[in-house]
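Asker: This is the structure I want to talk about, given as C-alpha cells.
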Amino acid sequence: MVTIKEVSEVSLEAGNLADSAVLDDDGRPRRTGAVLTASAHIVTAVIGSGVLSLPWAVAQLGWAAGPPVMLVFGGVMYYTSTLLADCYRAGDPATGRRSYSYMEAVRAILGGGKVALCGVVQYVNLAAIAVGYTIAASISMQAIWRSNCFHANGHAAAGACSSSSLPYMAAFGAVQLAFSQIPNFDQIKWLSIVASAMSFTYSGIGLGLAVAQVVSNGGFAGTLAGVAVGGAEGAITVAQKVWRTMQALGNIAFAYSFSNVLIEIQDTIKAPPPSEAAVMKKATAVSIATTTAFYTLCGCMGYAAFGNAAPDNMLTGFGFYEPFWLVDVANAAIVVHLVGAYQVFCQPIFAFVETRAAAAWPDSAFVTKELRLGPFAPTGLRLACRSAFVCLATVAAMALPFFGSIVGLIGAFSFWPLTVYFPVEMYIKQRAVTRGSAKWICLKALAVICLVLSIAAAAGSIAGFVTAFKVVRPFSG
C-alpha cells in the first residue's frame, strides 16, 4: 500500500525533474544557444557601420601600415576575448557561479572600485554606440533618397539632392521604440541572424563595387604612406596627418568592438558539457577570423578603388553612384542591420536598470507585470525607461551628426578598458598567474601598449570633432 508521504515524495521528485528540464543550474530558463547563435550575435555586434569607414582609415595609414594594423587589431581582439570567455564563471569553468553581465564578472573576480569603473565605462560606451548607430542608420536612409535623386538629375546635382538627416534619425528612433520592448538577448536571436545576413549583404556589395571600381581604374590606387603631407593632390599638413592617423586607429578599434557584450552573449549558451567558455571560444574564433578577413578585404579594396580620396563612409559618401539600385539595396541592408545591432548593444543597459528595479520593488506591477505581444513584452518600467533612453540617444545623434569622429571616439574610449585591461586583469586573478612570470609580463605589456594606442586614437578623434564643429552646427542635419 502506497502512503501519502510516498506519493508526495514521488510527486516532488517528478516536479523537480520537470523543473530541471526547463531550468538551468541557476534557476533561470534553460539556455539554448550554441556556436551558431553565439557567432550570429558576435557578427551582428562586430560587422557594423564601422566597416564602411575602413577605406578612409587605410587611406590615412597607407598600404604599408593599413592592412597590418587591421590584422593586429583582429589578433588582439581574439586573444583578449578568449581571456574574457574564461571569466564567465568564477572558479570552475563548468560549475562555477555564472556572471550575467560584464560588470558582474568584474565584481565576482576583481571587486572593489574596479566594479564602478567598469560600469561607468561599459554603459557610457554602450550608450555612445546607440548614438553612433542612429547617426549611421540616418545617413544610409538619407543616401537612398540622394542616390535616387542623383540618378534622376545627374551626378552634378549636389544642391538639388541635399537633405536633412534629422527626419531619418527620428524614423530610426521610432523603430527602436518598438524593438526595445523585446525583453532580453535570448528573445532577439532571430533579429541577430537577420542582422548578420544584412551585414554581409551590404559589406559584400561595397566590396563588389570597390572591385569593379578598381577594374575600371585599371589598377590599384593609393600609396605606401597614405594621404600625403605637402603640395600633392589631397595633401594635408603634418598636424592633420598625425590627428588623422590617430583617428584611423580609433575607427579600426570601433570596427572590432564587441567585448562589452561578450559576457551577455555567452550567457545565452546552453549549459555544459561542453563548457560555455569552450563554445564561446569556438564562436569567437569563427567570428573574428571571418570579420578580420572581410574587414581587410573591404578596407583594402575600398582604398584601392578611391586611393587617398576615400570617403569616411564608403556607401554614403558617394564614391559610388551606379548602379543606383544596388547602392540602395546596400544602404537598406545597413539600416536593417543597425536595427538589430542597436538592440544587441542596448540590451545590457536595459537589463542593468530592470534587474535593480526588480530587486528593489519585487512586488510592483509597474516593474514586473508583462503584457505579452508576440516577441514583445512591455512592462510599465520598460515602456518608460527604454523609451526615454531611445529618445535621449536620438536627440544626442541629432546634435552630433559626425559619423567619422563619433566612430573613432567610441572605439578609442572602449578599446583599452573593455577589450584589454579588464579581461587581462580578470584572467590574471582567475588563473592565479604568477606575478613577474613571463606570461604576467606579456599580459601587462599588452595592456600598456594598447593604452598608448587608445590615448592616441582618442586625441585624434577629439581633433576631428573640433574640425567638424567648424563646418557643421548641432541639429543642422
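Using N, Cα and C of the backbone, Cβ positions are placed for all residues, glycine too.
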Asker: Under TrEMBL, which of the candidate ranges 218-239, 240-261, 350-371 is annotated transmembrane segment?
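Answerer: When 218-239, 240-261, 350-371 are checked in TrEMBL, transmembrane segment belongs to 218-239.
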Asker: With TrEMBL as the source, which of 191-212, 323-344 is set down as transmembrane segment?
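Answerer: The range carrying the transmembrane segment annotation in TrEMBL is 191-212.
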Asker: Given the transmembrane segment (69-88), which of the listed stretches 109-136, 191-212, 406-424, 445-469 has the most Cβ pairs that are under 8 Å apart from it?
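Answerer: Looking at each of 109-136, 191-212, 406-424, 445-469 in turn, the most contacts to the transmembrane segment (69-88) are made by 406-424.
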Asker: Would you kindly check 156-179, 191-212, 406-424, 445-469 and say which stretch has the most C-beta pairs under 8 angstroms to the transmembrane segment (109-136)?
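Answerer: Maximum Cβ contact count belongs to 406-424.
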